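For reference, TrEMBL has these:
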- A:73-266: domain 'ABC transmembrane type-1' (DOMAIN)
- A:14-35: transmembrane segment (TRANSMEM)
- A:73-96: transmembrane segment (TRANSMEM)
- A:108-129: transmembrane segment (TRANSMEM)
- A:141-163: transmembrane segment (TRANSMEM)
- A:183-210: transmembrane segment (TRANSMEM)
- A:243-266: transmembrane segment (TRANSMEM)
Amino acid sequence: MGATFDYWKLTKTVLFYALVLVIVVVSVFPFYYAILTSLKSGTDLFRVTYWPTSISFDNFRQVFSQGAFPRNLLNSVFVASVTVILALFLAVTASFALSRVRFRGRGLLLMTILAVSMFPQIAVLAGLFEVIRFLGIYNTPWALIFAYTIFTLPFTVWVLTTFMRDLPVEIEEAAIVDGATPWVIITQVFMPLMWPALVTTGLLAFIAAWNEFLFALTFTVSNETRTVPVAIALLSGGSQYEIPWGIIMAASVVVTVPLVALVLVFQRKIVSGLTAGGVKG
Amino acid sequence: MATDAMAPVGTAATPKIRSELMLQRVRAARWFLVPMMIALAIVAGWPLTRSIWFSFTDATLNDLYGAEWVGFGNYLRWQVLESGTVRYRGVLADPDWWNAVWNTVRFAFWSVLWETVLGMIVALVLNAEFRGRGIVRAAILIPWAIPTIVSARMWGWMLNDQFGIINDLGMKLGLLSAPVAWTASADTAMTAVLIVDIWKTTPFMALLILAGLQMIPKDIYEAADIDGVHPVKQFFRITLPLVRPALMVAIIFRVLDALRIFDLIYVLTPNSRSTKTMSVLAQENLFQFNNFAEGSTQSTLLFLLIAIFTILYIWIGKVNFEGGDR
C-alpha cells in the first residue's frame, strides 16, 4: 500500500512539473525565437534552428542606421511619457474627490468613467479625427497624446480612486483638525503615501500608450511622426517574398526588451495594479 | 448603484461646524473634478457624438463639414424597382458587414473560451505552492508585456509557410504532413489569429483568476480533505462557485476587448476576408476606402454592441461605486 501510494505521488509530482515546464516554455519561446532570429544574418535566417549557431548584430545595425526607426523610438518615448504625466496630473485631484468626498452624482460619475474606459476606440475614431484636424495637430505627436487620454485617464482615475479609498480616515482627520485645505491634504498628506500607486498606474498607462496601434496608424501618416508599433507593422520589403524578417525581429526585440525588463522588475506591483484596474495591456 | 448616488448627503444630524467643513470639501471636490471632466468630454464625449452623427450623414473624408443629413440611409435604405422587386442597400444589407460581424463573434467566442480554460489551469498551478513559482509567474508575464504588434510579427514569422518554426516542429513531430500557410490560407487564418491572441492574453486571465483564487480561505479545503472529498469534486463544488464572481468579471472584460480587436488581425492577416473584424472593416472604410459615412455607421453599430456588454458587466460585476465614509 505504502509503495503504490508513493508511486502515485511521484507521478503526480512529475505531471505537475511537466505542466509547469510547458507553461514556461510556451510563454517564453516566441520571444526567445525572436531574439534568435534577430541575431541571424544572410541565408542563416532561412534555416530553422532551435539554438544559436552564429551571432551577428547586422540586423540591429541596420535597424538603427537606415530608415526612421531611431526617430520612431523617440516619438514613442515622448508620446507615452507626456500622456502618462498628463493623465496622472489630472487623475490625482479627481480621484481624491471621487474617493474621499461624498457628493451627489458620484456613483454616476464613476460609472461614466468606467464606461469610457471600455469604449471601443473605433467608435470615437471619426469624431477624434475631426477634432484633431480642427486643432491642427494631425500627423504630430500631439495628436496621439491627445487621443491616448481617452484610455489612460479613465484607467488612472479608476485605479487611484480604489487606492485612495483604502487610505485610513484618521490621517485625513488629523490634517483637517490642523486646518489643512483639501489641496494641502492631497499634496502634503496623500502624495507621499501614494508613490507606489502612482508608479504602478503610471507604468501600466505607459505600456498601454507605448503599445497603442489604431490611433497611431490613423493619426500619423509620415515616417518621421510614426510611433514604433506602426513602424514595425509597416516594415516590409518589395513583395511578400522579400519581407525583411531579420530586421523586423531586431526592431521587435529593441522595443520589447525594455518593457519585459520593466515588467519583471515591477512584477508584484503590476500584478496588483492589473487586478485592481482590470486592464489589458 | 444609481440609488447610492441619490443617497442624501450626511444622513445623521451633523453639527453645524461639521457641515460647514463638508460644504467646503464638496466645493473643492467640484473644482478637482472639472479638469478631468473637461478632458473626457473633449476626447471621448464629443468625438463619440460626432461619430454617431456622421453615421446619419453623407460625410466624406475630405468634406466633413458639408455633410448632409440622410437619416438611417447608411444603415438601411431600399429602392423599389420597376419590376416590383425591392433592392436593399446600406450597412445592414451588406454581406461584407455581416461577414465581419460573424468573424468578430466567432473570434470573441473561441478566444475567450480558450483563455478562460487555459487561464484557469495556469491560475491553479500558480495557486499551488511549489519551488520556482516566482519563475513561472515572471514567465507568464512576458507574453502580456510584449506589444500586440510585436507578437503579431513574431508569430507571423513563426507561422511562416516556408521558413516558419511551427511547420518545422509540426513536421518533425509528425503532426503535420505538409507545411501549412497558416496566415495566408483562408481555412487557417482564423486559427492563426486565435493562437496568437490566446498566447498573449491567457496570462491576463490567469492573473485575474488567481486573484480570485487567493481570496478563498484555505480552511475550506482542509475541511473538505478531512471529509475525504475528491480533489476534482473540490474544484467543482468549492473552487468554481467561489471564484465565479472574479471569473465573470474577467470573462466579460475579455469579451469587450475581443469584440473590438483591431491590431492583431490588421498585422497578422492583412486583407483576409476570413478574419476581417468589425473594427478592421470600419477603419478601412473610414480612412482607406473613402467610405467615411459607411465606416461611421459600422463603428456606431459596434459601439452599440459593446455598450450592451458594458451594461452587462456593470450589472453582473456589481462594481462597488461607493467610496469611503465621507
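Cβ coordinates are placed from backbone N, Cα and C, and glycine is handled just like the others.
Here the transmembrane segment (A:141-163) has long-range neighbours at 75, 78-79, 82-84, 86-88, 90-92, 94-95, 98-99, 110, 113-114, 116-117, 119, 121, 124, 128, 131-132, 135, 194, 197-198, 200-202, 204-205, 208-209, 212, 215-216, 219-220, 225, 227, 273, 276-277, 279, meaning same-chain residues at least 6 beyond its ends whose C-beta is under 8 angstroms from one of its own. Tertiary neighbourhood of the transmembrane segment (A:73-96): same-chain residues 141, 144-145, 148-149, 152-153, 155-157, 160-161, 163-164, 182, 185-186, 190-191, 194, 198, 201-202, 205-206, 209-210, 225-229, 254-255, selected by CB-CB distance under 8 Å and a gap of 6+ residues from either end. Through the fold, the transmembrane segment (A:14-35) approaches residues 249, 252-253, 256, 260 of its own chain, all at least 6 residues removed from its boundaries and within a Cβ separation under 8 Å.
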